Amino acid sequence: MFDTIAAVSSPHGTGAIAVIRIDGPKSHDIAKKLTGLNKVEYRRVYTTYLNFEGDILDQVNIVFFKSPNSYTGNDLIEIYTHGGILVTQNVLDAILKSGARIAKRGEFTKRGFLNGKISLVQAEAIYQIIEAKSEVSLKMSLQNLKGKLGEEIEYYRGEILNVLSEIEVTFDYPDDIELDEKSILNLLSKLKDEVGRKIEDSKKSIMLNNGIVMTIVGKPNSGKSTLLNRLLLEDRAIVTDIPGTTRDVIKGEIEINGIRFVIVDTAGIRETKDVVEKIGIERSLKEIQKADVILFVLDATTGFTKEDKLILRKIEGGNYIPVWNKCDEGNNFNKIFDGEIKISALNGEGLKNLENKIVSKVKNIIESGTASHVITQRQVEILERVYTHLESAVNNLNMGYEIDLISIDLRRALEELDMLIGRKFSDDLLDNIFSNFCVGK
């Protein structure tokens, strides 16, 4: 049985309107007491005054929702007050004094899940929508809110359940029904491969959600920090004519064509005896290993140098874009690289061409990532365990093991899928998911 909770659902601060929710068995009684409304129609907006202990609190709009037709599945009230901090707090205080308690983080959405209004995947999608920092992330999360991933998981469940039912029929009628092990092997092999592809696409999906890591590398004074500042549209890095100014890794975030990128500016790579600069260079080399795409910045006024050759050896085999910078100052180079881009980080010349090149370089990540609807690490880890159980079932079938061993593998895979969508769950799991939400959601 749920108790009655309340919280401000809109962001803290001053605005035109604030939203306060009350959920639970006492919610309607509390609202009627504060408004003086007795007979109400559900899901209709009323404009009235809130009164408490003889004082007018605010003129508000209020909506009554009747269980189960609400966000939570319980009796629910939404009050729209004027958006001042004080007036909002006064209204909330009156609600709490009238019999509600303050809601915990994500408790409204958690109640919706527990009442079957949404799946666990949809609950996670709501959080991802709120936290989305790029158009691509938002679109993926909205697809999950519509139930896209849930449909895919139900398909996996259905295939496994079909095989299990075939196996269990042979347990009940061993002399009458012969199991078609070849057909089951083909089906499970196909399903295992589908889950494997989903996992690979999902890792790219999470990469898109978290931001594709783009590392800027180059020799000292090639204009890396100027390029970082130009891409970020702010002076994040110190820019001077003195080589080796950047000693540490500097990070920022941008969006290009709806794709989120985490940009990493690194210390200039060269041979040096300076102890501090050496540490910065070591960190630069580590960032190169983490990069999804590398901007290899070269100086058009000096051409391709020994230092550039040293850096090229470090990044060869990686997903890099050769970027000739300072093209407004010099043209001291011949075409050396395929796909090289000419820019001036100082005045922005060629920047659009560079952005287009960056997007094309990560095209595979974008296409695979947006094809997947898995957007959390929890979901990926569960699918990896599902894959392991399916792989075990296929191997056991191939080696001619008893069919009841295959049944155990499939039941374990099924349990994992149930955990993914929330058919089965633990209190710790729910606390871990919903504690990330804000109070009021």
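Cβ from N, Cα, C; glycine included.
Taken straight from Swiss-Prot:
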BINDING   R21, E78, K117, K441  (6S)-5-formyl-5,6,7,8-tetrahydrofolate binding site
BINDING   221-226, 240-246, 265-268  GTP binding site
BINDING   N221, T240, I242, T245  K(+) binding site
BINDING   S225, T246  Mg(2+) binding site
DOMAIN    211-363  domain 'TrmE-type G'
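Same-chain residues at least 6 positions away in sequence with a Cβ under 8 Å from that of K441 ((6S)-5-formyl-5,6,7,8-tetrahydrofolate binding site) are, in sequence order, S9, R105, G106, F108, T109, I126, I130. Taking each of the binding-site residues R21, K117, K224 in turn and counting other Cβ atoms within 10 Å of its Cβ gives the largest count for K224.
Neighbours of N221 (GTP binding site), defined as other CB atoms within 10 A of its CB across all chains, total 22. Cα of S225 (Mg(2+) binding site) to Cα of K117 ((6S)-5-formyl-5,6,7,8-tetrahydrofolate binding site): a span of 50 Å. Take the binding-site residues E78, S225: by the count of other Cβ atoms within 10 Å of each Cβ, the lowest one is E78.
Distance between Cα atoms for E78 ((6S)-5-formyl-5,6,7,8-tetrahydrofolate binding site) and K224 (GTP binding site): 51 Å, as a whole number. Note: the Cα of K117 ((6S)-5-formyl-5,6,7,8-tetrahydrofolate binding site) and the Cα of K224 (GTP binding site) are spaced 50 Å from each other. Cα spacing between R21 ((6S)-5-formyl-5,6,7,8-tetrahydrofolate binding site) and K224 (GTP binding site): 49 Å, rounded to the nearest whole number. Listed in chain order, the residues near the (6S)-5-formyl-5,6,7,8-tetrahydrofolate site other than R21, E78, K117, K441 are S9, D23, S70, Y71, T72, L76, F108, T109, G112, G440, each with its Cβ within 8 Å of the site Cβ centroid. DSSP assigns K224 (GTP binding site) to a helical segment in the three-state reduction.
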